[in-house]
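Take a look at the structure below.
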Amino acid sequence: MRLFAHLAVLAILACAVPITAIPSFLSNSYPAHPAEGISLFPQTQPQAPLGLWTRLRNTVIERLWRVPPQLCKNRPGHKGKFPLFPAPASLRARYGDDVVLRFTIRNAEEVKALAEASNILFLDVWASTDEWVDIRLSKDVVPSLLGLLPKSLQTSHIPLIHDLPQTIYESYPSSSQRSSYDVQGFSPSTKHSSDKTNIFFQDYQPFSVIVPWMRLLTSMFSSRVQMINIGSTFEGRDIPALQIGVWPANNPKPRKTVVVSGGSHAREWISVSTVNYVAYSLITNYAKSKHVAELLQQFDFIFIPTLNPDGYIYTWEVDRIWRKNRQDTSLPFCPGVDLDRTWGFKWDGNITADNPCSESYPGEDPFAGIEAKQFSQWAKNQTAQNNTEFVAFIDLHSYSQQIRYPYSYSCQPDPPNLENLEELAIGIAKAIRLTNRETYEVSSACEGLMASQAKVKSDDPFPRIERTGGSALDWFYHDLNVKYSYQIKLRDRGSYGFLLPRENIVPTGQEMFNAVMVLGRFLSGHDGFGPLDWEDESQRPKAGEDDIPSDNELDENDDSWIPYDYRNHDDQNEGEGYDNDEWGFRRRRKR
């Protein structure tokens, strides 16, 4: 038996040697198609334990590929995961054998090589940090990519998504959810499901549902909600937004306003749902939470679910992972402009202006992206003619769980109020951690797109995976003088990427609601706003009180119905001391 085991190990090693020497995938490791769907009938049987040979094989492969065991299981599209409903042929025809790989980067040479190879092969960079880069590509292209990379990168990658078509298919609302919407609608007054979550946030919603939902909120809560139009898209659609606040009569002072936007990149569905969740939570909690009431009395909030309606609709109808808007370019077969690379401040489109097929194409000129131009003109008009003072801007994206502050285009110079930007960002990160124990990293936006800057000290500019000029973050901060501007990249850290399961909608919304509450407290001043009352914000509706009342039904003295958990109650000990000292922001503002 011992001799047999030794021979088995040698056989596996002999078969595995080509894997480490040849930069390519084996079809056995990354199947083009998932296994047949399991039976729909309740004939479940216990899974047989793994045999000695199977466990030995898995261990050897994991060690050869340097893949931690926990990363080999429960992955989207993992070959051991049998889909209940296999992806239709149309999705497989569009996405083929695409996978998503994560490359671990350690030095400038690796970053430069990866950036150059991605540009040469027109690859889709999903996300990047100072430690890793996620890239979507076809399995057939993997050997070509690895052949352009140094040897250190040829073995420092792992698959995040093995079967992109299946993962995309699973990201769309299920047929059961669609049936629920057809029967119950999407009214905020709809009875809650068994988990007390409003049905609107049980799944991602198409634009055709979001707009009527916004109108309904406006009609139900007209005393504090208005539906406004930011501008028009390339295809002629309105860019709707909700303006929330309690407007005092005859107040000559400029109204302090916070802008929260999402969906600049069409495929980032979680950003759209999160904007809606935070807006809904502020609206419905106004009469039940003194902190929310004070916040809406001091500030107006502008919530823009998606700056890119054309692209968002396109992700629902044609291509789930489309990024740009849908306007024409010089190449008819490569439409679209990246709406977060087309803003006028430090626009660096000269480098990529001749490549409309790039996922980060900024257009031929600053503000070539129609929706970004409309947004900027609306913002300027608000300050010039509508007595508005923008005090904060939050641009929601996905993914990688990062809180970024200016500047994006360069790490030099530092923003004038760097200390305050960092202080508030750290406070937001703490609020998120106490909400659902998720960790968000805080950094300058330039560092978030550069590799290992803290590890490698050099006077030379560090190479970048993506272009970073022309961002909305920098424009609002510099040109519009919005002192507290942030880009927040939401869940997750790459297990699903842009295809985040619907179960994450409510937890992510809870995290960003508390982030907005911390932002409001910081802007109001510690004495003016007071500590957040976590217990007040975390109440669930009592039995029989599942309906959300409209303006005419609200009882100012009843605070029992607040509909959501905004904090993980398993972390009580950590939160009890938080109001006393950890939440005590140091008042170090630079006047």
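Glycine is treated like the rest: Cβ placed from N, Cα and C.
Over in Swiss-Prot, the protein carries these features:
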BINDING   His265, Glu268, His397  Zn(2+) binding site
BINDING   His265, Ala266, Arg267, Glu268, Arg323, Asp340, Arg341, Ser398, Tyr399  substrate binding site
COMPBIAS  546-559  compositional bias 'Acidic residues'
COMPBIAS  573-582  compositional bias 'Acidic residues'
DISULFID  Cys334-Cys357  disulfide bond
CARBOHYD  Asn350  N-linked glycosylation site
CARBOHYD  Asn381  N-linked glycosylation site
CARBOHYD  Asn386  N-linked glycosylation site
REGION    533-591  region 'Disordered'
SIGNAL    1-21  signal peptide
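Positions of Swiss-Prot features highlighted on the structure.
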{"residue": "Arg267", "record": "substrate binding site", "Cβ contacts under 8 Å, 6 or more apart": "Thr315, Arg320, Ile321, Trp322, Arg323, Phe498"}
{"residue": "Glu268", "record": "Zn(2+) binding site", "Cβ contacts under 8 Å, 6 or more apart": "Gly262, Leu396, His397, Ser398, Tyr399, Leu490, Phe498"}
{"residue": "Cys334", "record": "disulfide bond", "Cβ contacts under 8 Å, 6 or more apart": "Pro356, Cys357, Tyr361"}
{"residue": "Asn381", "record": "N-linked glycosylation site", "Cβ contacts under 8 Å, 6 or more apart": "none"}
{"residue": "Asn386", "record": "N-linked glycosylation site", "Cβ contacts under 8 Å, 6 or more apart": "none"}
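Between the CA atoms of His265 (Zn(2+) binding site) and Asn350 (N-linked glycosylation site) there is a gap of 21 Å.
Each residue contributes its Cα atom, and for Arg341 (substrate binding site) and Asn350 (N-linked glycosylation site) these two points are 12 Å apart. A count of other CB atoms within 10 A of each Cβ picks out Arg341 as the most crowded of the binding-site residues Arg323, Arg341, His397. DSSP gives His397 (Zn(2+) binding site) a strand state. Cβ neighbour count for His265 (Zn(2+) binding site): 26 (other Cβ atoms within 10 Å of its Cβ, all protein chains included). For Asn350 (N-linked glycosylation site), the number of other Cβ atoms no farther than 10 Å from its own Cβ, over all displayed protein chains, is 10. Counting other Cβ atoms within 10 Å of each Cβ, the recorded positions Cys357, Tyr399 show the lowest value at Cys357.
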